[in-house]
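The domain 'G-protein coupled receptors family 1 profile' annotation in TrEMBL covers 33-274. TrEMBL lists 22-42, 49-68, 102-128, 140-161, 167-192, 213-235, 255-276 with the feature transmembrane segment.
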């Protein structure tokens, strides 16, 4: 809020405000869609696989992002109505809790995407040993480590968010992990293309290879959507910390509400990708809706 007030004084860019109704509608849609994915995986035993558990981890991260923006807007509305103050002890703790939820959502999404990418890599290039390498117990252990690390990191970053030593590693982590995942995908596609040429004479292997490549393409779509939805908000955090009084930075920060809406849009788009590209999930959704009717 303070940065916004300063921005209005040093730049001609007016604040772009997204109606509260849009925020709540998009957030509710994201929460419901990801909850539907979680229910589908729980109900269908055929989906009790490491790959779908990693997808559920991503769905939980998306739900946390939508929930964060919902609570933040409720907090702002209550402040405007006079029920809460911006400087009180309770409000400060509430703000830290919401910041921790936002960071948890971001870190959870990044590491869930990394786990999905690694799982797909093993599926493609170690297909015969996949079930020995990526067991269900090992997948659950990976998720437990991921969420323990993300929870601890989110609390630490939220408590010490005003320290430069905390902000810099957090902002560096985002492009670093995205670069690592991108390199993994490039390596995956190059090797898969080479393998496809070598086994072109084997119909069964070729079909298996096409199936795995379809999964790799799906994950690439996930990554592209994630970057488009989260990168503007992460850039906002950087600019707000390091150049809040610069007119150009202030002009970019005037679209803060739009960047927040993009985060919630990511929570809506991901389940759609699951439903459209996973026949097993599509069938599960149909059965769920038919039973409901």
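Using the three backbone atoms N, Cα and C, a Cβ is placed for every residue, glycine included.
Against the transmembrane segment (255-276), stretch 22-42 has more CB pairs under 8 A than any other of 22-42, 49-68, 102-128, 140-161. Confidence across the domain 'G-protein coupled receptors family 1 profile' (33-274), taken as the mean pLDDT and rounded to a whole number, stands at 79.
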